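Peer 1: According to TrEMBL, the feature domain 'G-protein coupled receptors family 2 profile 2' maps to 45-292. The transmembrane segment annotation in TrEMBL covers 46-73, 85-105, 125-146, 158-177, 197-221, 241-259, 271-291.
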């Protein structure tokens with residue numbers, strides 16, 4: 001949110017001059033004032049960032065657990081997803097730490113400790129890793145679909161170097177430039193061209209991904225035309241498959257790179273871009289993990305196995321309780337009716353047979369009777 005500078009027009013049609021009459025008097029105080037509207041907007045952006053990264057972190061951690069737990073999902077593309085998801089996780093953690101421990105703590109910021117600047121460097125590195133791994137995903141997908149389907153990913157070491165190694169250089173360069181040229185408190189100010197040491201490589205990675213996306217779309221449409229099928233639905237599927245890549249590759253930051261100057265459009269821009277930026281990890285986790293058919297299949301299969309075992313266990317417990325209650329009832333009946341004592345051996349044999357049958361059923365179902373009910377319950381009092 002920005003305010004306007006003020007000038008006063010005199011009755012003679014000239015601008016009001018300064019006290020020394022050498023320059024036009026301009027009031028810039030509103031540009032720097034913390035107005036109620038500015039504060040409200042800042043708090044909204046703050047809580048939007050907190051909620052977005054919290055949702056993203058939760059979804060991404062759940063996705064990583066799924067990828068690590070189900071070995072049947074292991075392949076090179078999933079390995080790429082794991083690394084990119086890890087950058088999202090680390091980036092969200094860094095942002096949440098920065099927003100909760102640094103931003104609200106004015107005393108900490110004003111003291112300008114080294115730890116604050118180190119945290120800034122770490123966050124810059126993690127942000128760069130995030131976008132460079134988006135670039136790795138784009139390059140890998142391009143090689144997989146366009147260059148060579150079978151030899152797209154013989155080795156991933158170059159992707160590791162690009163994703164984790166390349167961000168080191170701009171991070172170090174930015175830190176040195178800040179110390180030498182613009183050494184403000186915690187390096188929080190964005191009012192310096194030095195931020196382009198970080199933002200420049202990010203824009204470069206996103207621009208490359210943008211052209212990769214266009215080429216993938218071109219190849220998909222060309223393949224459809226070569227097949228001789230001009231069905232509109234097939235084109236829509238190709239477009240849909242391409243648009244799904246947008247949150248993964250971060251293309252929205254290239255499509256809408258500049259913030260409008262008008263107040264209303266700038267407000268809309270802030271909300272849309274902050275929402276997409278902070279919730280991007282959540283969208284990526286949903287699209288590439290939870291919405292993935294292979295993931296859904298293995299998860300549902302595991303859930304079905306768990307339900308089957310749980311139902312078997314409950315049924316086993318129910319039958320054992322029924323057998324125990326039946327045995328107790330027979331014993332009470334025999335104790336209260338002396339005439340039945342002569343048939344004691346026969347009844348016990350019948351009960352023993354029933355117990356053995358139940359035990360055999362539970363054993364075959366994988367449930368040990370004595371793991372559920374202790375031996376004492378079957379002993380005579």
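Here the Cβ of each residue, glycine as well, is placed from N, Cα and C on the backbone.
Those TrEMBL annotations? Automatic predictions, nothing curated.
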Peer 1: Are there 3 or more C-beta pairs under 8 Å linking the transmembrane segment (271-291) with the transmembrane segment (46-73), counting only pairs at least 6 apart in sequence?
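Peer 2: In contact, yes.
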Peer 1: Give me the stretch from 85-105, 158-177, 197-221, 271-291 with the greatest number of Cβ pairs under 8 Å to the transmembrane segment (125-146).
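Peer 2: The listed stretch sharing the most Cβ pairs with the transmembrane segment (125-146) is 197-221.
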Peer 1: Report, as numbers and ranges, which residues of the same chain sit near the transmembrane segment (158-177): CB under 8 Å and 6 or more residues beyond its ends.
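Peer 2: Sequence-remote neighbours of the transmembrane segment (158-177) are 80, 83-84, 87, 117, 121, 124-125, 128-129, 132-133, 135-136, 139-140, 194-195, 197-198, 200-201.
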Peer 1: With Cβ-Cβ distances below 8 Å as the criterion, list the same-chain residues six or more beyond the ends of the transmembrane segment (85-105) that contact it, or say none.
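Peer 2: Here the qualifying positions are 46, 49-50, 53-54, 56-57, 60-61, 63-64, 67, 116, 119-120, 122-123, 126-127, 129-130, 133, 163, 186, 280-281, 284-285.
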